[in-house]
């Protein structure tokens, strides 16, 4: 196995073996930890800080629950009343928290590569990228890969279709990287041309501007919301809804046992119809549940740095 990176900043730093072992460990935490309400002591005595400069429900709360289930102390500073609001630089804040004994820095920021810049400032400790701009969101990709494998265990036979605002989606970037690493042979990106990336960088990735053809023979369908905060409001929401909203009629074009995913937050009746979001093919809430277990596995691995302890 290749050496584990010091920080979790992007998906390309993880090998297939890293990802498989993380999924295995997360499934353990799901069955032996969460379902039994167990608390572990792996992170006992360690301090985790959630530094979220953008809104979050699922990611921030699941990291907090994950850290507490591993025995850590968790800080959730109100950044609006922190010293940053008085003019202190972000990096001085980081060094201050490090001096207080914080070991894990869970960082979400609107600017690309801010977590990487923070990692360069640390003498010790670990930075986990919880989403930076439209760049990367590695823990969400790991959750999505875990969820896919629970239903579709053979990576080399999968067709995964990702629908929506892919150009501005850090979730899509990380998921594509992860799917390529796992050897998925067919990855389809679907949306209006203005919301698709200019380049895809891998032969397994194809672009579509019509929904129904992209769904043929799909095993996994991932819907994404419009990232309105990351671009101007030039997207015609009604036109997007009419062409790219996943409805029961359109879902019929996919395989009968296809699963439907969404990383959240869901904008119902825009990218996905409620009848699809709530039907038996939807695994959206399973993704949320898996989120705590996978983030437990991530925190444990980046502390112990060795799968032999698993």
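Using N, Cα and C of the backbone, Cβ positions are placed for all residues, glycine too.
For reference, Swiss-Prot has these:
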- 58, 59, 108, 137, 140, 264, 265: carbamoyl phosphate binding site (BINDING)
- 86, 170, 225: L-aspartate binding site (BINDING)
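On the structure: features taken from Swiss-Prot.
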residue: 58; record: carbamoyl phosphate binding site; DSSP (3 states): helix
residue: 86; record: L-aspartate binding site; DSSP (3 states): helix
residue: 108; record: carbamoyl phosphate binding site; DSSP (3 states): strand
residue: 137; record: carbamoyl phosphate binding site; DSSP (3 states): coil
residue: 170; record: L-aspartate binding site; DSSP (3 states): helix
residue: 225; record: L-aspartate binding site; DSSP (3 states): coil
residue: 264; record: carbamoyl phosphate binding site; DSSP (3 states): coil
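Residue 265 (carbamoyl phosphate binding site) sits 32 Å from residue 86 (L-aspartate binding site), taking the Cα positions as reference. The shortest Cα-Cα distance from residue 264 (carbamoyl phosphate binding site) to any of the binding-site residues (86, 170, 225) is found for 225. Taking the Cα of residue 137 (carbamoyl phosphate binding site) as the reference point, the closest of the binding-site residues 86, 170, 225 is 170. Taking 86, 170, 225 as the binding-site residues under consideration, the smallest Cα distance to residue 108 (carbamoyl phosphate binding site) is found for 170. Annotated carbamoyl phosphate site 58, 59, 108, 137, 140, 264, 265; additional same-chain residues within 8 Å of its Cβ mean position, judged by their own Cβ, are 56, 57, 130, 131, 171, 263. Nearest in space to residue 59 (carbamoyl phosphate binding site), taking C-alpha to C-alpha distance over the binding-site residues 86, 170, 225, is 170.
For residue 140 (carbamoyl phosphate binding site), the spatially nearest entry among the binding-site residues 86, 170, 225 is 170, judged by CA separation. Note: the CA-CA distance between residue 58 (carbamoyl phosphate binding site) and residue 225 (L-aspartate binding site) rounds to 15 Å. Sparsest Cβ environment among the binding-site residues 264, 265 (other Cβ atoms counted within 10 Å): 265. Neighbour count (other Cβ atoms within 10 Å of the Cβ, all protein chains): 25 for residue 170 (L-aspartate binding site). Listed binding-site residues: 86, 108, 137, 225; maximum Cβ neighbour count within 10 Å falls on 137.
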